[in-house]
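The structure under discussion appears below in the form of structure tokens.
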């Protein structure tokens with residue numbers, strides 16, 4: 001027996017047979033051992049062959065085990081396992097059969113044929129199941145066709161379409177493919193190309209997520225329903241699984257052999273099979289090593305002659321990177337562009353998929369949720385494409401609601417925690433014997449009984465609601481199953497059964513679902529539901545917030561009031577700049593009300609004024625208000641961009657330069673936090689060419705970084721600060737604010753009236769007109785007066801108070817001390833910054849010495865007052 005002439009699977013079967021005989025201590029390796037090994041092979045051809053004949057491989061396997069158990073065992077040092085003469089004859093016969101069939105190698109089917117032709121118990125067992133040489137040969141012809149065994153792994157080329165492809169038409173017939181809404185133009189174009197005589201190979205090109213694969217699935221559904229031209233009726237649409245083709249191809253040439261078998265099978269179908277190759281670019285280079293042919297080169301001849309009809313799908317970037325470089329491959333495919341559907345089309349697609357997702361998750365999805373998913377994803381998720389991102393939103397929102405239904409309700413959880421707390425207290429009181437404890441125990445037991453009763457009622461209500469939701473889900477699943485059956489009966493022409501379902505069972509089930517839904521809504525109005533089963537607009541907004549960090553949750557009445565009072569919130573930290581605060585507040589309100597231009601940033605402002613008047617503080621306060629986090633402020637010091645080449649630090653270095661993969665400081669910050677406040681400090685210090693990148697940001701709300709990615713700035717607030725015109729502002733008459741405790745000036749000096757024009761004139765000398773023209777507002781920050789400094793003193797001292805509270809020390813500052821600090825910290829030129837230094841020097845330094853000396857400890861209340869010409873500290877006694 002020359003095992004070199006055996007295939008890999010046949011050699012494995014012989015080795016497994018020997019191992020089995022040795023393990024069972026059998027003296028000889030016989031046909032039973034070999035047949036057992038052949039049936040045990042996972043990816044072998046024998047089990048499918050026996051099934052094709054009509055016998056049961058499992059039954060044969062069990063019978064063989066019984067036979068092997070009855071065989072005598074040989075033990076002892078002299079025991080050896082030999083090959084039985086009958087098995088040697090069977091192997092020799094298998095070799096003769098291989099030569100007779102002009103096969104180069106002995107395969108597993110030759111061994112089975114040889115065993116069936118022997119005069120042994122194994123052959124008789126096979127014959128009893130109808131497995132004879134004739135039935136084996138007939139079944140083998142169906143599986144193998146006219147192929148010869150020319151390699152040591154022929155099994156990989158048998159039934160290759162079933163192994164390496166998914167039958168989309170079968171899936172469509174079984175309604176296992178989601179419905180495809182719209183895309184009629186693209187499907188018609190694909191059918192048009194497929195109907196050509198040569199080069200009948202369309203390739204779908206589009207951005208990821210626009211629905212390229214869905215178009216092919218739509219074509220499969222049309223083929224099944226017969227809504228296609230005559231040339232495509234009855235065709236099979238198979239999706240090639242390139243991963244399965246490559247997997248397990250250990251030796252050189254195995255991959256090419258498998259792919260060749262697929263191509264030949266498609267060619268032999270005489271146009272009956274259309275091959276769909278998803279991610280077409282993966283063919284280029286697949287299987288190639290050391291200059292050997294790759295998959296795309298194997299496909300080219302068949303594609304050019306029109307013998308292989310295929311549909312490709314790939315993204316624009318991959319098509320340009322891989323397919324366009326291979327001109328010979330590119331010309332064999334006809335391009336079909338798939339554009340992103342509009343918002344209206346996406347809403348229609350979601351409405352078509354709505355029922356599928358409702359059945360899967362067991363919840364109801366409101367129409368407003370579908371509209372919100374489309375509109376909000378289009379507005380806020382800019383790095384992905386419709387309809388994919390909208391479908392994902394609905395799917396995750398429904399999944400989140402399903403988890404809430406299956407988890408214990410919050411109200412019930414709170415009652416459980418309260419009961420646990422009361423039980424702990426009760427256990428503690430039982431140890432006490434004083435009258436007060438006994439009285440408290442009586443009250444506690446009554447309270448505990450009330451909570452236990454409430455918990456029992458809530459648990460019953462929860463189980464009832466869960467039961468109703470589960471019942472509704474079962475009804476919907478049954479309804480979907482009946483609809484699939486009705487479609488299949490209609491397609492097969494069994495109109496009686498189709499009519500029975502359409503006019504009998506389906507309407508009856510729809511009525512049950514309607515009554516159950518009405519009952520749920522009625523009960524929710526009366527007793528207040530513990531569980532929600534409807535996905536609404538608010539759920540979609542929460543998922544958007546989780547994905548992007550953008551607070552787009554629906555504005556409640558309290559939140560609306562919060563934005564109406566925005567000025568007063570900002571003025572608590574930004575003093576004396578009423579006009580600037582009002583303008584920025586109006587911009588935020590316009591955005592929240594949905595009135596702002598969605599193609600531009602939320603607001604872009606140039607703040608000019610002297611140092612220390614609140615320009616940077618306004619940006620910090622705004623970030624804190626919008627996100628409850630000052631870290632949402634991205635601050636870029638423009639004095640670092642005084643050279644022309646420094647622009648690459650903002651948007652990232654171009655290809656070929658050091659740092660290309662790192663990205664830009666500005667673009668990366670916005671990509672990670674798309675909803676943020678951008679502060680460009682001291683803009684006049686940057687190089688003039690740096691401002692060119694602002695033109696695109698301010699006008700279109702977008703910027704392309706060094707790697708070609710488009711970064712969205714539409715959800716940012718851009719604040720630029722500058723000290724231009726500071727000398728004019730300082731020389732103007734003391735400005736006054738419109739706060740309640742400060743009088744409104746009746747007249748303005750000539751300098752104050754001409755100040756805005758002077759500032760604008762100076763800005764035109766520093767910045768180009770196209771830059772200034774794109775800014776929403778130029779905010780002139782006025783210099784701070786003594787009264788303003790007095791108000792800022794309160795704000796700064798409050799920060800000191802909060803810092804001391806962490807050490808459990810209270811601080812009270814008298815008015816005289818505040819007035820002293822305000823006077824020491826007032827500087828007409830430097831704004832509020834000297835005040836901070838004065839508080840550090842006069843108050844914090846002295847206070848630190850007192851605390852470290854041990855004079856004041858935790859729990860103390862320190863009073864700060866004036867003693868002669870300096871601050872003094874005393875401890876307040878209760």
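A Cβ is built for glycine as well, from the same backbone N, Cα and C atoms used for every other residue.
Taken verbatim from Swiss-Prot:
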{"type": "DOMAIN", "residues": "3-146", "note": "domain 'Clp R'"}
{"type": "REGION", "residues": "6-71", "note": "region 'Repeat 1'"}
{"type": "REGION", "residues": "83-146", "note": "region 'Repeat 2'"}
{"type": "REGION", "residues": "159-340", "note": "region 'NBD1'"}
{"type": "BINDING", "residues": "206, 207, 208, 209, 210, 211, 212, 213", "note": "ATP 1 binding site"}
{"type": "REGION", "residues": "341-549", "note": "region 'Linker'"}
{"type": "REGION", "residues": "559-783", "note": "region 'NBD2'"}
{"type": "BINDING", "residues": "609, 610, 611, 612, 613, 614, 615, 616", "note": "ATP 2 binding site"}
{"type": "REGION", "residues": "784-878", "note": "region 'C-terminal'"}
Additional residues surrounding ATP 2, by Cβ distance to the 609, 610, 611, 612, 613, 614, 615, 616 centre under 8 Å:
617, 721, 781, 831, 832
Would you kindly give the Cα-Cα distance separating residue 613 (ATP 2 binding site) and residue 206 (ATP 1 binding site), rounded to the nearest Å?
52
Which of these binding-site residues is closest to residue 207 (ATP 1 binding site) if you go by CA atoms: 612, 614, 616?
616
Which residue, of the binding-site residues 208, 211, 612, 614, has its CB surrounded by the fewest other CB atoms within 10 A?
208
Please list, in sequence order, every residue of the chain apart from 206, 207, 208, 209, 210, 211, 212, 213 whose Cβ lies within 8 Å of the Cβ centroid of the ATP 1 site.
214, 315, 338, 340, 385, 388
Counting Cβ pairs under 8 Å to the region 'NBD2' (559-783), which of 83-146, 159-340, 341-549 comes out on top?
341-549
What does DSSP assign residue 612 (ATP 2 binding site), in three states?
coil
Rank aside, I only need the closest one: which of the binding-site residues 610, 614, 615 has its C-alpha nearest to that of residue 211 (ATP 1 binding site)?
615
C-alpha of residue 213 (ATP 1 binding site) to C-alpha of residue 611 (ATP 2 binding site): distance in Å?
59
Cβ distance under 8 Å to residue 209 (ATP 1 binding site), same chain, sequence separation 6 or more: which residues?
384, 385, 386, 387, 388, 389
Which listed residue (213, 611, 616) has most other Cβ within 10 Å, given these are binding-site residues:
616
Would you identify which of the binding-site residues 212, 615 has the most other C-beta atoms lying within 10 angstroms of its C-beta?
615
Report, as a single number, how many Cβ atoms besides its own are within 10 Å of the Cβ of residue 613 (ATP 2 binding site).
26
When a 10 Å sphere is centred on the Cβ of residue 206 (ATP 1 binding site), how many other Cβ atoms does it contain?
21
Out of 609, 610, give me whichever of these binding-site residues has the highest number of other Cβ atoms within 10 Å.
609
